[in-house]
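Taken from TrEMBL, the feature ATP binding site covers 70, 71, 72, 179, 286, 287, 288, 306. Annotation comment: TrEMBL describes 114-160, 121-144, 127-154, 210-220, 254-263 as disulfide bond. Here TrEMBL flags 177 as N-linked glycosylation site. Per TrEMBL, transmembrane segment is recorded for 333-354.
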Ligand SMILES: *[C@@H]1O[C@H](CO)[C@@H](O)[C@H](O)[C@H]1NC(C)=O
């Protein structure tokens, strides 16, 4: 055979179009199942994927945000009036700050040697135990010294006198009436969308008088601390006593297909350190800090404070969506493709469970035996590689993937 015509045959074989031969089954049962499955898939895509999950939108989840806080109010603590500079730490107005509600103060500490208050002892040997060393207020010297008229305790080197923190001190309950002003700006970089929690209809008079309330005043940026703690399901007096961490969450979930005004913040509150609520080992939140001074003669001394307080963490989260043609196209194609999934289910039912399944099988799978066709030598080597032994191309259609023949 001349090489040219051999090649022409191959080219002609290549430029063909294969289409699937369909078997129409006129059965009510399978027909109803088929349409029901298709309806189910279509309604899932329209109802859930498109309307609920908004698959036609492109979503920006990388919200940029800044938070400024300011606490106002006066409290009374150990014959002193406490103002913002006394009880808020750090003072910069960050999104995480502590309102100190209880203080254990140890004044005039200097570097030296003194008895520790927790490690009682009878002789020096009681103070040689290395396990107890970590407990005290300094480095143990290993000596047992006089603590007061009736008892002796282990000596330490460090800031003296050592702190006594197992005492009952009052709580600054006025903190319940303090107000917290939150200024939050956000931006969705993908859409260059900017907004803040001070909505345009808020007047300077409102800011002075309004108090946040989820039902009446959901957009007031001034919150009463007692309310925040109550919304988080906690008791203020108890929380102020042990200390704790409260989360103030500001959510910005926006559909930018609607107007700018409809993108508004939503506030929610909860206790973040629920672990300290549920165990007795470390029930709450406290920390120590000190103020340092110098005497005339140059010796340094300090006032040590163990502070209990409520820490507030302002957490901002959010995402925004806007119509975009690419996700719309991708999801529409996915929806149409998925309608075809119904045929798999229908085929299983048709070929296995329906009355007359054998007849349907016979119609669906045509058997072609090898001997039915004479050897065809015009077949190209490309096709031959797909064929059974002997290099015969008994049927062109058999080059199809043949997924259904598994059922035979
Ligand atoms: C908070 O303010 C209210 C009303 O002004 C007052 O009745 C209440 O005693 C205050 N609470 C505390 C703990 O001072």
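Keep in mind that glycine also has a Cβ here, set from the backbone N, Cα and C atoms.
Note: TrEMBL annotation is automatic and uncurated.
Locations of recorded TrEMBL features on the structure.
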residue	record	Cβ contacts under 8 Å, 6 or more apart
71	ATP binding site	84, 87, 88, 97, 99, 178, 179, 180, 181, 225
72	ATP binding site	84, 178, 179, 181
114	disulfide bond	155, 156, 160, 161, 162
144	disulfide bond	121, 122, 123, 124, 126, 127, 152, 153, 154, 155
210	disulfide bond	217, 220, 222
263	disulfide bond	193, 195, 252, 254, 255, 256, 320
288	ATP binding site	304, 305, 306, 307
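Cβ contacts within 10 Å of residue 306 (ATP binding site), excluding its own Cβ and spanning all protein chains shown: 16. Considering other CB atoms within 10 Å as the measure, the emptiest surroundings among the disulfide-bonded residues 121, 154 are those of 121. Every protein chain considered, the tally of other Cβ atoms within 10 Å of the Cβ of residue 179 (ATP binding site) stands at 16. Residue 287 (ATP binding site) sits 23 Å from residue 177 (N-linked glycosylation site), counting Cα to Cα. Taken in sequence order, the recorded positions 70, 144, 154, 177, 210, 263 that lie near ligand 1, meaning a CB under 6 Å from one of its atoms, are 177. The maximum pairwise C-alpha distance among 70, 71, 72, 179, 286, 287, 288, 306, the residues recorded as binding ATP, is 25 Å. In this view, the densest Cβ surroundings among the recorded positions 177, 286 belong to 286, judged by other Cβ atoms lying within 10 Å. A helical conformation is recorded for residue 127 (disulfide bond) in the three-state DSSP classification. Non-local neighbourhood of residue 70 (ATP binding site): 84, 93, 180, 181, 183, each in the same chain, at least six residues away, with C-beta under 8 Å from its C-beta. Residue 286 (ATP binding site) and the residue listed as 'N-linked glycosylation site' are 21 Å apart (CA-CA, integer value).
Cβ packing within 10 Å was compared across the recorded positions 127, 160, 287, and the lowest neighbour count falls to 287. Neighbour density for residue 254 (disulfide bond): within 10 A of its CB lie 24 other CB atoms from the protein chains shown.
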